[in-house]
Structures are given as structure tokens and as C-alpha cells.
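Q: So TrEMBL says this about it:
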ACT_SITE  Lys134  active site, charge relay system
ACT_SITE  Ser209  active site, charge relay system
ACT_SITE  Ser233  active site, acyl-ester intermediate
BINDING   Leu183, Ser209, Ile230, Gly231, Gly232, Ser233  substrate binding site
DOMAIN    85-563  domain 'Amidase'
Amino acid sequence: PSAALALLSGSAAAVVVWKWLGNRQIQKKMEEARRTRDEGVKKMAKVVQQFREQVPSVQTDAILSLPLLELSRRLREGSLSPKTVLYTYLEKALEVTRQTNCLRHFIPECEEQLQEIQWQEEKGLLYGIPVSIKDHIGHKGHLSTCGLVQCLGTVVQEDSVLVKVLKRQGAIPFAMTNVPQSLFSYDCSNPTFGQTLHPFNPQKSPGGSSGGEGALIAGGGSILGIGSDIGGSIRLPSSFCGLCGLKPTAERLSVWRARLPNMDVCSHPAPVPCAVGPMARDVDSLALCMKALLCQEMFRLDPAVPPIPFDEEVYSSSAPLRVGYYDTDGYFPLPPCMRRAVQETRGALQAAGHQLVPFSPPRIHYVMTELFLKTFFADGGRAWLDVFTGGIVDPSLKSQVNGCKIPRLGKKLLALILKPLQFLLLLLKLKNVATISTCRSVKEMWNHHHEIQAYRTEFIARWRELQLDVVLCPVLGPAFTTGYPGKLLTAISSTMLYNVLNFPAGVVPVSTVTEADEEELKLYRGCCGDPWDRTLKQAVAGAAGLPVAVQCVALPWRDELCLRFMKEVETLSREK
């Protein structure tokens, strides 16, 4: 017995030492990644300082205030040099990241690209434009981390198709921006690079998962960024930060070499696909970016992208639109200011001669729990859990991770116990990761895919019944206090719907939170004044002066019509 006890004690000690060594190795990786980033920041600061000493007369504020179209025109005609513009934005990006922690890494090769564009035979549509890209969009020679420790040791060997096309069009990728761990969050925090803050209020989150992009562009450190969206990850940061952002039809732009955790987006199209798209300060910037990307180079490099060039005629049209609208989806009632934004925009559109038609999206409870969440947690979340190397989990994700860790039998028992309360659960939005039904066989998975297609057919039928061109609807906002997005995963129903449908959808800021909105928020009860409604109330409180946005939607492959509608909303809101 004493020998057995000694053996057990020795084994336990060995396990403890082994785990300690493993954790120490992980910590070293994280420290090295942070050190590399900090050294990159210092290097860029030195380069910028040298440029300022060589050219002290640069009118920084004048350059930073130019809209993208005007900046592009001046670069192409030669009245501004790409070098001056690049170093101006590098300097501003340094300032913004010191305030918000929005950058994951500068791209020192931007200086090489600056030289390359001078030898291009013709100036591309984005000639000399500095562009920031989200962390997981591959750039040769750099990490693509998705906020995960396990990705810290793998350097990307080849530019993604998007980056290749941006360079071909004369753009200069200069920075990679921070993301939440695993990308599955609409906050922006990970254990390696930390929390990104809102550029206008450090108590607030910039949104996610393209939160680093949102903070950098809104703070003035980038004029054009590329994000990605699989549940609202372009639109939510755009809403929180007061930007314009477009989630195109997923297959419209290439995702080749855009890394996603445990998902090979190159060879297996998911039932709810990931889309990449632009983020900027105005709609014209989004349109110029799409026009530049939808070129022969994109179609040649990725044959999976349909060769459909940008339709300028649709974007430039001024014909009256038949607009469906709703200010709530009936699943997660949004704060009063977001519903106000829809109602005011509806009134402005009607006054401008467009036809407004009430529209109600069908069965959002079903879409949220049985279609969207079931897609990502079909295996009970086991594949997702695998990405958290060493058990290091960001605080913003702990509730979801803990829910996935409940054993299958425990989930079945929990579902059985809670089944009599099904109606109440829907009201209380308690049907979360812990109780989501899973796909227990290949047949169930195929059925699940069929259900998504059937819902798309149903939704399009309702749309066509009303003869709609586009839809105006709310988007989640205003900006949440940091830490709150992880407590309210189900609040993203307003954006998630259009990922399931794979419709192009964009966000346009139209107003700001007023003191009257703050007062009305005090009376907000949401669905039934339950803990989730109270949590939402706490999340958005204290947002006076922060942006308020609306969402614009069109049918699949009508991305230019979606942009045209966004432009109309933007124009009317600016006039107002």
C-alpha cells in the first residue's frame, strides 16, 4: 500500500509539473507575441519621426479630414504623394492604438509596397490608399492569430487573395487589427493582446469581432479597413463606432487564406457562411472598395468567386425604392434610441418619395436557436473548445465555454428538466449554449442544412409577396460597456438573421444617443423585464453622444442595391 501511495503521489506530482511546464510554455509564447508587437510599434514610431523631420510642413489634419474619394483623386492626379499619406496615417494609427489598443501589428512591408506601386504600369482604383486589415486575413510573413494562443507560432506563407487584389489596385496594407479570442464574440478582447477600447469612450467596447478595425477607423487612424462577418462582426463594430460597414453576399468576395478557427473556409462552404467586407467613414468609400475588389484579378485568383463586376448603374440610380421596414424582430427588444433611429429614417425616406411597407421577419426565435446557434454548436461545441489551448479563456467568453463543457448527458438532463418551461425559456432567452440541441448524426446535419434552405425560401417568398426592393431594420447598439457582450450572446438576432439568409446587409450611422434617450432607457423593460433585459439596459447605459445606426438589407447578389440604399439613408440623415 505504501508503495502504491508513493507511486500515486509521484504520478500526481509529475502531472502537476507537466501542466506547469505546459502553461509556462504558453505564457512564453504570449509574452513573445506581445514583445514582437511592441517592437513593431517602436519601429513604426521611429520611421514616422524620421519622416516628420524630413518633411516638417505636412498638413496632417488636412490629409486626415479628406474623404476617401477625394483622397484617391488627389493621389491619382499627383497633388498628394502616397508617401506623405502613408506616414500621416501611420502617425495617427500610433496615436489611436495608444488610446484604444486596436492594433495587433504594424506591417513593415508597407514601405516596400510604397515603392512597388511606383512601378505599376497603371494606377489602380486604390492607388496610394493606406488600408488596415483584420487579424485573420492572411498577409505573408505575419501571424494570423484569431486571438488564439495556438496560432501564435504559425507565420502566413502567402498573401490572401484579398490582400493580393488590394496591392494590385495600388492599396498599401499597413496594419493588422485586434480581434476577440476565437472571433466568436462581439467584444474585442483576447488573452494575448488584451482589450480594445472604444475610441470615444474608454468604458465602452468598440464591438466585434472586427473591433480593432472599428476603433482604428473611427479614431481616424485608417481611412479604409477590411473586416469579416459571420454573425454581425462588421456591422456591430460599425454600429458601436459610428461607421459605415457592408457585409456582402458571402461568395461575392474571396475568403481564400482568411483563417477561421477550426473551419477550412476554402473547401467547405458552411451553411451560415463567413463574409469579408469593407468598413469606412462613408458609403462612397465602401462602394469604391467593392468596385476595386470586384476585378479580373480577384476572379482569376479565386475561381470560386463569380465573375460579376461592380454594377455602377445600380449604385448610381435615383429611382424611388419600395422599402420594407420593422423596428423590432420580436426576439430581443433593442434600446429606445435604436428603434427611434428606424422610425426617423422611415419618415425621412417616405418624405423623399420612397414607398414604405411594414415588414415582419418570420420566426426569429426558431432562426436564432435552431438555425444559427445550432450551426456553430452542432457537435455540442467540442470543436470550438479545442481551440482554447492550455485552457486559457478570455473572461468575455467564459460563460459560453463553461456551457459547452457540460457533458452531453448533463445537457440532456438539463434539457429534460427545462422542457416543461419551454415557453417561459423563450421569453427569458435562457435557451443558450448549455441547452442548444445538437446534430447527433450525419442525417440530422443534412436535415439542418435543409431547414436553413427552407427558411431562406420562406423569407424570400414573403419579401417578394410585398414586392420589396430593400429592407430597413434595426441593428444592435449603442456601444456596450466592456465585458457585457459576453453576457448577451442572444442579443445579436438583428444582425445574425442576415448571415443565416446570406443577404447583403450594411450599417449606416444616422444619429447619436440623446439625453432624452437616456431618460427613456430608464423605463425600458425589454421583453418582460427579465435578467437579460436588465443586463442589456446596464450594457448600453451611459452612452449619451455615442453613434446610433440603422441596418439596410437587399436580396442575395444585390450588393450594389444595398449600397445604393445605404447611400440614400446616409444622405437623408446628413441633411437632417
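Glycine too: its Cβ is placed from the backbone N, Cα and C atoms.
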Q: With the substrate site defined by the record as Leu183, Ser209, Ile230, Gly231, Gly232, Ser233, how many Å span the farthest pair of C-alpha atoms?
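A: Greatest Cα-Cα span of the listed binding residues: 11 Å.
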Q: Ten-angstrom check, please: count other Cβ atoms within 10 Å of the Cβ of Lys134 (active site, charge relay system), all chains counted.
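A: A 10 Å sphere around the Cβ of Lys134 (active site, charge relay system) contains 27 other Cβ atoms.
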Q: Inside 8 A of the center formed by the CB atoms of Leu183, Ser209, Ile230, Gly231, Gly232, Ser233, which other residues of the chain have their CB, for the recorded substrate site?
A: Phe184, Ser185, Tyr186, Gly208, Ser210, Ser228, Asp229, Ile234, Leu236
Q: Rounded to the nearest Å, what's the C-alpha distance separating Lys134 (active site, charge relay system) and Ser209 (active site, charge relay system)? Just drop the number here, would you?
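A: About 9 Å separate the Cα atoms of these two residues.
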Q: Taking every protein chain shown into account, which of the binding-site residues Gly231, Gly232 has the largest tally of Cβ atoms within 10 Å of its Cβ?
A: Gly232
Q: State the Cα to Cα distance, in Å, between Ile230 (substrate binding site) and Ser209 (active site, charge relay system), rounded to an integer.
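A: Cα to Cα, Ile230 (substrate binding site) and Ser209 (active site, charge relay system) are separated by 9 Å.
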Q: So what's the mean pLDDT when you look at the domain 'Amidase' (85-563)?
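A: Summarising the domain 'Amidase' (85-563) by its mean pLDDT gives 91.
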Q: Would you kindly give the Cα-Cα distance separating Ser209 (active site, charge relay system) and Ser233 (active site, acyl-ester intermediate), rounded to the nearest Å?
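A: Distance (Cα to Cα, whole Å): 5 Å.
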Q: Given a separation of at least six residues and a C-beta threshold under 8 Å, show me what packs close to Ser209 (active site, charge relay system) in the same chain.
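A: Listed in sequence order: Lys134, Val179, Pro180, Leu183, Phe184, Ser185, Tyr186, Cys188, Ser228, Ser233.
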Q: Take the Cβ of Leu183 (substrate binding site) and count every other Cβ within 10 Å, whichever protein chain it belongs to.
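A: I get 26 for this one.
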Q: Looking only at Ile230, Ser233, which of these recorded positions has the biggest number of Cβ atoms within 10 Å around its Cβ?
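A: The largest 10 Å Cβ neighbour count belongs to Ser233.
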